[in-house]
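Engineer: So TrEMBL says this about it:
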DOMAIN    489-555  domain 'Small-subunit processome Utp12'
REPEAT    89-130  repeat 'WD'
REPEAT    131-172  repeat 'WD'
REPEAT    217-250  repeat 'WD'
Amino acid sequence: FFNKEGDFNNLTAAAYHKKTHLLVTGFASGIFHLHELPDFNLIHSLSISDQRIASISINCTGDWIAFGCSGLGQLLVWEWQSESYVLKQQGHFNSMVSLAYSPDGQYIVTGGEDGKVKVWNTSSSFCFVTFTEHNSGVTAVTFTSTGYVVLSASLDGTVRAFDLHRYRNFRTFTSPRPSQFSCLAVDSSGEIVAAGSQDSFEIFIWSMQSGRLLDVLAGHEGPISSLSFNPMKCVLASASWDKTVKLWDMLDSWRTKETLIMNSDVLVVAFRPDGKELAVAALNGQITFWDHENAVQTGSIEGRHDLQMGRKELDKITAKQAAKGKSFTTLCYSADGQSILAGGLSKFVCIYNIKEQILMKKFEISCNYSLDAMEVICVSKEMKEFFLWTQNNITDLYKLFLNIAKCQIKFLQNYRHFKPEIRVTCVRFCPTGRSWAATTTEGLLLYSLDSGLIFDPFELDIDVTPSNIHKTLSQKEYTVAIVMAFKLNEKKLIQEVIEAVPSSEVDVVCSSLPDLYVEKLLEFLASAFETSCHLEFYLTWAHKLLMLHGQKLKTR
């Protein structure tokens, strides 16, 4: 039907709403049509992008239509009657490379290989502003201490400052000769901006106020991989592939205060929040801790085995052998400075206790087996064919080469498509200490100790009255009655409802109680123990609540 006029590309997605007889069709060209069936009356058609529409969904009333464009990472919700967007969200086109929390933990800024800088709200999970001024991949992003300015470094040779009040690029920092910036740091006052270069091995220092280049720090003999300002002192730490970490004193005309020699190329440095310790991750897989004041190493963690590398489909060596060349590429201290987060070319993020130098927990960031390097043992059909000649003990050189050539042709035929490799590009702890975030192949992931958005289906309205609570109680809907009683927050009513629950039902009620009311109920029980004569009954409540919800409460 759609191709008879030859105007449109292939149909890629469709959805039908039964009640309203609405047919929505999406095409490879990014156009969608709305038709009314059975007469096929065209209501309207619109182009939402130049990428193919991958999926379509209609809500239950038939008013809103959701479109997904996988090519751009786009999600659109369209209200067709008013012809307006309800929701417009777009992720990074390529993988995210860097992230940073705002000082209050409310926002996260991310930079991607697509050259975009995006700012996300941590509570709603939505991106509310995108800056597209960079012409090449963004390598590092950070907030200033005020939380109103975002800085980003890019391979296009610029460091840009963005204002979150007016959403504009108000300052652009450049070097005298074009340089590709690989890392970025801003001091605790927000006045000094530093960026490290990949090609000239120099560190550039600018003034935020004037935008003027203040100094160029030379001394490293390899690309600068990481920069970090001491939160408490005017000291900048720089890491390089030349196996050194240099400490530069801002107050002493940027002279090198100390040079720490490592056994391997240094990939990342991070100061502890109190500024008294420096963590360094190197190419040999080690994380070392330094007292930078005295240039003394205080500890080390051998973390390569904890990364637990997966085997890629075309790897000729086992995951165990491949792991010998892998290391952590991103580090971050927890807010209290007692733990350190580390991630790299793996599906795991490790959290270590620094004092004990032990692995506390490993977070598996993905279970998506369509990504490469997810499995430790990976033997594909092509790999089996590739190694057939070893099993058959072929001595004829001609046959051997012929077999290899055939397998290589098969590889090319089967692997023309790109299969992204699982990796963690950046980890950051929230300044509040309650959550941390990671940019990965799967996107931006947030891990939190708090349950965050507590889903509470019983909203306070005019129906929550004492008479209705008694009515609910008589219908034996005990959980609903308890929640309603807590909504009104009258102590005598709460006591009446709890004491009306039969002891045989306590277990069931405790298991179905929303998290929000578990703590309220425990607080009530604690005060009731002082006055009530029903000691065993209240102890049963307390015991059941703690057995079912104790683990969740403990984490908080």
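Just so it is clear, glycine is given a Cβ too, placed from its N, Cα and C backbone atoms.
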Engineer: Mind checking which residues of the chain, 6+ beyond the ends of the repeat 'WD' (217-250), have their Cβ under 8 Å from one of its Cβ atoms?
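Structural biologist: 182-188, 192, 194-199, 201-205, 256-271, 273-276, 278, 280, 282, 290, 292.
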Engineer: Limited to the repeat 'WD' (131-172), I'd like the whole-number average of pLDDT.
Structural biologist: 96
Engineer: Taking helix as H, G and I and strand as E and B in DSSP, count the residues of the domain 'Small-subunit processome Utp12' (489-555) in helix, strand and coil.
Structural biologist: 58 helix, 0 strand, 9 coil
